[in-house]
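A.B. asks: My questions will all concern the structure given below.
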Amino acid sequence: MRLAVNIDHIATLRNARQETQPDPVTAARLAELSGASGIVCHLREDRRHIKDRDLELLRATVQTKLDLEMAMTKEMKAIAIKTKPDLVTLVPEKRQELTTEGGLDVITRKDDLIPYIDELQQHGIPTSLFIEPTPEAITVATEVGAAFVELHTGKYSLLKSPKEIEAELLRLQDAASLAKKFGLRVVAGHGLNYENTAEIKRIKEIEEVSIGHALIARATLMGMSEAVKEMIRLLQ
């Protein structure tokens, strides 16, 4: 299982003082040199962490895979087409939320997703949908032309009861198996950390996990390189 590192909170720390450091581009390079298979950044509409200039520099420097998380808006689509990330992940976005709170409602937005994804594909940009691990969402992801699904692990990460954890892992397993059956590539993310990620390894259909906050928090104490290497060891 591979590791993609979300570097949003390097930018959060930088922006807390409106300074130039720490630099998310440097952090991304260190993550790659330490074995990360990809870099994830979320260009939010309010630009609360990653800025447009960060995205431009990341596109110019990332050597593995650049995954741009973004809301499904005209502005973001234009930015994606101009920047040409290796992957676009469509996520829900609310200005008042601290972090993404759930999967994209692909069922009610199905008719909007089809032309949106098609235009990105016409420019050579594959699309991933950040979704809840349900058969209905996976079916729609197939129908609208997504190449990937990112299964939302937020509920799993919050559970405490072993019985509930096992039930959620089974739900993730069933979703991943169905997605794979439909020809989708499967990744997972949200709320994963150094304590709960090992269990996700059991789901063989998940080829990569996207981890941000927990890894960046660890990096503030022990450095980016060691934080990345430690997570990779857990995934192997």
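Any Cβ shown, glycine's included, is placed from N, Cα and C.
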A.B. asks: Out of G35, G191, G223, which is the one Swiss-Prot records at the 3-amino-2-oxopropyl phosphate site of N6, R17, G212, H213?
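C.D. replies: Record source Swiss-Prot; matching candidate: G191.
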A.B. asks: If you draw a 10 Å sphere around the Cβ of H213 (3-amino-2-oxopropyl phosphate binding site), how many other Cβ atoms fall inside it, taking every protein chain shown into account?
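C.D. replies: 16, counting other Cβ atoms within 10 Å of H213 (3-amino-2-oxopropyl phosphate binding site).
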A.B. asks: If H, G and I count as helix, E and B as strand, and all else as coil, what does DSSP give for E150 (site 'Transition state stabilizer')?
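C.D. replies: Strand, per DSSP.
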A.B. asks: Is R44 (1-deoxy-D-xylulose 5-phosphate binding site) helix, strand or coil when read with DSSP?
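C.D. replies: R44 (1-deoxy-D-xylulose 5-phosphate binding site) sits in coil per DSSP, no helix or strand.
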A.B. asks: To the nearest whole angstrom, what is the C-alpha distance linking E69 (active site, proton acceptor) and D8 (1-deoxy-D-xylulose 5-phosphate binding site)?
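C.D. replies: Given the Cα positions, E69 (active site, proton acceptor) is 10 Å from D8 (1-deoxy-D-xylulose 5-phosphate binding site).
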A.B. asks: Using a 10 Å cut-off on CB atoms, tell me which of the recorded positions R17, H49, H190 is the least crowded.
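C.D. replies: Taking R17, H49, H190 as the recorded positions, the minimal 10 Å Cβ count falls on R17.
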A.B. asks: So what sits near G191 (3-amino-2-oxopropyl phosphate binding site) in its own chain, CB-to-CB under 8 Å and at least six residues off in sequence?
C.D. replies: T153, G154, Y156, S157, L158
